[in-house]
């Protein structure tokens, strides 16, 4: 199990790095951006660049704080995943992620794939946004369930009763202990799968958000985005950091995943700055690619928030047997979803 999980962990950063490197060439179009006003605001390249630099710093700091706070549970008992406060924070983060999928990412995907600029394109004649989102959610379920199922069977086979020379079966003297180990190993593996799939969904839309900010040259558009994305990065990081902490990864692997998350949006902004002069966000190619990626990301985030965050915790024996914890978790969930939804006004 350890070897297979290690390979999965090594493949994920490689895939995400390739995605980040290829996306500018895929969505950049050959025409120049107009020099007139954009979204009703006045273009100012110099001032916009200053805001982008500030955005890179603040978003990076928010990501570091968000993702590393839960990981400090190894050193600080108060932040341990075994504490009740961890469930409350995780519920708040789940609300943020759920609202991100429904309120921020999915509407953007719908807007891209139903743009009037695609009226001559078959993309506008079928609800591809919902289709891609649904397929992404189903694929996430298959990966989630398939990986957990495989390693459950693998561990159960190792814990089978022993057989003597006459073919008579005898329960192993450590059978009870093996059952506990199997359950614990399966739970840890599930958290590892969850953390890596969640990071994939977050990274995809984070890079797109970063590129969108990076190519903008309107300060009035960038300023509210800085606050919205900083908040978003902080609490998404807390949700991801909680999953990484529960996965009980080695310190090096956990740090690699955390750092990769922290860098994605700033890298997206840097990519956007680099392709400003050749990027046309209204070209059919850009609209289709961004729409598909946003729809897939929304499907992943919605599935992860509902199934792996909320259903897993809210239906657990610990939550069901503790009315006080359940109340605060519900409040945190609603508060997280509400605050992230309100940011749609400025984002």
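Easy rule for this one: first residue shown is 1, then count along the chain.
Cβ coordinates come from backbone N, Cα and C, glycine included.
Those TrEMBL annotations? Automatic predictions, nothing curated.
Record features, source TrEMBL:
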{"type": "SIGNAL", "residues": "1-28", "note": "signal peptide"}
{"type": "TRANSMEM", "residues": "53-73", "note": "transmembrane segment"}
{"type": "TRANSMEM", "residues": "85-106", "note": "transmembrane segment"}
{"type": "TRANSMEM", "residues": "126-151", "note": "transmembrane segment"}
{"type": "TRANSMEM", "residues": "197-216", "note": "transmembrane segment"}
{"type": "TRANSMEM", "residues": "222-241", "note": "transmembrane segment"}
{"type": "TRANSMEM", "residues": "253-275", "note": "transmembrane segment"}
{"type": "TRANSMEM", "residues": "295-315", "note": "transmembrane segment"}
{"type": "TRANSMEM", "residues": "327-346", "note": "transmembrane segment"}
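Beyond the transmembrane segment (126-151), the same-chain residues lying 6 or more positions past its ends with a Cβ under 8 Å from any Cβ of the stretch are 1, 4, 8, 106, 109-110, 113-114, 185-186, 189-190, 193-194, 197, 201, 291-292, 295-300, 302-304, 307-308. For the transmembrane segment (295-315), the partner stretch with the highest count of Cβ pairs under 8 angstroms, out of 53-73, 85-106, 197-216, 253-275, 327-346, is 85-106. In this chain, the transmembrane segment (85-106) lies out of contact with the transmembrane segment (253-275); the count of Cβ pairs under 8 Å, excluding pairs fewer than 6 apart in sequence, is fewer than 3.
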